[in-house]
Each structure stands twice: as structure tokens, then as C-alpha cells.
């Protein structure tokens, strides 16, 4: 008898991401359904990330992904035909086997991830289940707090701000719908506040939809955010808190061993003092990548000093890699994981990293990349994991709002059951 869940087709293609760069999209077909997934790419990438395969040469300035697409169509597809689409772990294991390298450099992490996610979506579709329910079961019901990147600096913007992201977190809202309304209202007030202070040319948006005003000192965006939150009618800290992504690896001078912030040099201890000052002055509840990706000692220090009141997030530190995460847990470095599926390469590995973090009492933030697509898989993943947090940009640009809109739909589907993480975003024990 024919298995309706048998994979009968796998097709990859080259499409464009939100920055106009090529990326990989894959369709997976069964007898009764199909799944489509497109992969993102990052601008500030960790050294230990899985390798995104690019073509080189003149085409698309070397950023083409025809090799990755060909690897799906010629190497992966023939192996997947006939397999049961519900065998996610077996399929992910096969993808790793076909590549054969630790950093997925043969077939390409972009090829592998697109297939892995498309398989999960095809399975959910074939079973007539929403993706979050297929991945998380009946216990997937926590809607995440958005960490919305409304002011951009670093490599995401063309200004002199050294810290990469200044985010708002609507922790005091009662539902996701209310939370995203608060974010949207604050974002529009912020635009007005920035225009008044810096002029109409200061509200250009960065890769993630946030504004990139001509600021230099790290306190400037924090002051402007407090003003915008208050003018929007909310209480800073109690209703809307602040979060930072420092992306410190970009600020580290290998020769001097020091960090450069606002034109000044800081050693590890001095930078820690800066963070202590900022967290005592502003309602900052989360700091991502406060130190260089190999500065384990710096992460241990800040976690000891501030971890009781501030979430210390490892992004470039962990790169969603279970080995690096386990090392961090042993050392007491950071207390939260930034989960980016394309840093590790398969859905199974990403979910394993999340479970490792949860078991250690670490928080998990499901995250986008700066180069995104209209694919909203991470919205479903955040709910499937009951992660309690999602980082997917400002409430602007369709590639960012696709995720927020999907979360609005999921909350509607889960009416009467859905719980918004709110102030318990770090430890979601409902």
C-alpha cells in the first residue's frame, strides 16, 4: 500500500533575501502535501558557524548559491525520495552524513538547512497540523516576548554606533497581540523623536527595520528609547524594558586585546564596569555578546556580576553549537542561548541545542538573521519550544513582520490556551 507521507519530490532554487543577495529555497513534496523553506544569512557571523556555501566568481559579486542548489537537486534529492517525511531525525542524520564535515562545508549549511526545514513543513502540512504543533505537540502554547531591534548600529547600519542593536521588550503586555501593538506604537513615536532631534534624514532604516540615526555614544539611543517609550504612554522597565546586542567580536582589537567603544579603549574589566553602569542607569534586562566570542572569562565574569538581574546571551559565543554550549554551561558563561537555526544547519541540531540550554536553566531566544526572507518558520519554532523570546527585528519590512504576523495567527489559533511569556521570559514555567 502506498505511504501517503513518502517523499516524492525535492526541488531547490536560488531566490533573493531581504538584502538582495541570493539564498536557497527548497520545496519538499509528499503524496498529500508539500513544504517550502528559505534560509536566511547573517552579516555579523561567528567564526564557528556552519558554512554557508557561496559560488564565488563574478555572478552576484560572488554571492550566488547555484552550487548549494545543485547539491540539493543532485546529491540530497535522490537520497530523500522514498523516505517517510515524518522521519525528521533520520533525515537530518542523513543530511549530515551526505556532507561529512563538521561545519557542513561540502554540501553547504544553506543547502542542508533549507531541506531540513522544508521536510518539517512538508510533514506538518501532510498531517494537516500547524508547524508549531507538529514540532512541539500539545504543550506548545507559550507566545514569546519580542526583542525588537528598533535602533541599529554596528555592521547593520551606516552610523558610528558601536553596539549593534538597541531593542525594546514589551514584558508588561498581557498577550502577544498587545505586545506587538506596544512595539509598533513605540516605534512610530521613536521615529518622531529621532526626526525632531537629528533631522528627517536620520530615520533611514537598517537591515532589520530599525532606525540608524547619526549617534556615537552608546547612551544616546538609550536616552532616546526611554523618551519614546514614555511618549508612547508606557512605563520604561515595568512595561517595556530594554535589551542590547553588543556584538563585541566586532569591537575587539586582536593586536591590543582591547575593545573599542565610542573611540575609547576598554580592557575586559573596564568594559564590565561600563555594562554595570548602563544596567544600573537604564532598565536593561538582556545583553547579547558582551565580550569577544573567545573571551570565555569575560562571559563568566559578567554572568557572576550581573546574571542574577540581567540575561547574558551567547550568540557568537555559542553559535547554536551544542559543544560550545556545553562548554559555556560547565564554565558558567552566559545564562541564555541565542538560537539561530542556520548557525548549526539542521532543525534537529537546533532543537537539541535548545533542550541542552533548557536543562541547564538557560533561557532561549529564537532568532532571525539580518538577511531574511518571507519564511516565518522561526515564529512556529519559538512557540514549539515554549522559548518565551523571539528576536526578529523592528515592526517594519515584510521580512520581519512575516514572523510577527505568524505569531498573531498562532495566538488566535490557541485562543483560551495561549500564554504570553511576559515578565517570565527568562524562565517560562507555566
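Every residue gets a Cβ built from N, Cα and C, even glycine.
Annotated (2R)-2-phosphoglycerate binding site per Swiss-Prot: 164, 340, 369, 370, 391, in sequence order, evidence recorded as sequence analysis. A sphere of 10 angstroms centred on the C-beta of residue 369 ((2R)-2-phosphoglycerate binding site) encloses 25 other C-beta atoms.
Sequence annotations record features per position, and here Swiss-Prot assigns active site, proton donor to 208 based on sequence analysis. In the three-state DSSP scheme, residue 208 (active site, proton donor) is classed as coil. A sphere of 10 angstroms centred on the C-beta of residue 208 (active site, proton donor) encloses 29 other C-beta atoms.
Positions annotated as Mg(2+) binding site by Swiss-Prot: 245, 288, 315. Residue density at residue 288 (Mg(2+) binding site): 28 other Cβ atoms are found within 10 A of its Cβ, drawing on all protein chains shown.
The annotation active site, proton acceptor is assigned in Swiss-Prot to 340. In three-state terms derived from DSSP, residue 340 ((2R)-2-phosphoglycerate binding site) belongs to neither a helical nor a strand segment and is classed as coil.
Residue density at residue 340 ((2R)-2-phosphoglycerate binding site): 26 other Cβ atoms are found within 10 A of its Cβ, drawing on all protein chains shown. Comparing CA positions across the recorded positions 208, 245, 288, 315, the one lying closest to residue 340 ((2R)-2-phosphoglycerate binding site) turns out to be 315. Across the structure, residue 288 (Mg(2+) binding site) and residue 369 ((2R)-2-phosphoglycerate binding site) place their CA atoms 14 angstrom apart.
Residue 208 (active site, proton donor) and residue 370 ((2R)-2-phosphoglycerate binding site) have their C-alpha atoms 6 Å apart, to the nearest angstrom. Counted within 10 Å of its Cβ, the other Cβ atoms near residue 315 (Mg(2+) binding site) come to 29, all protein chains included. A coil conformation is recorded for residue 164 ((2R)-2-phosphoglycerate binding site) in the three-state DSSP classification, outside any helix or strand.
In sequence order, 146, 147, 149, 167, 338, 365, 366, 367, 368 constitute the residues six or more apart from residue 391 ((2R)-2-phosphoglycerate binding site) in its chain with CB-CB distances below 8 Å.
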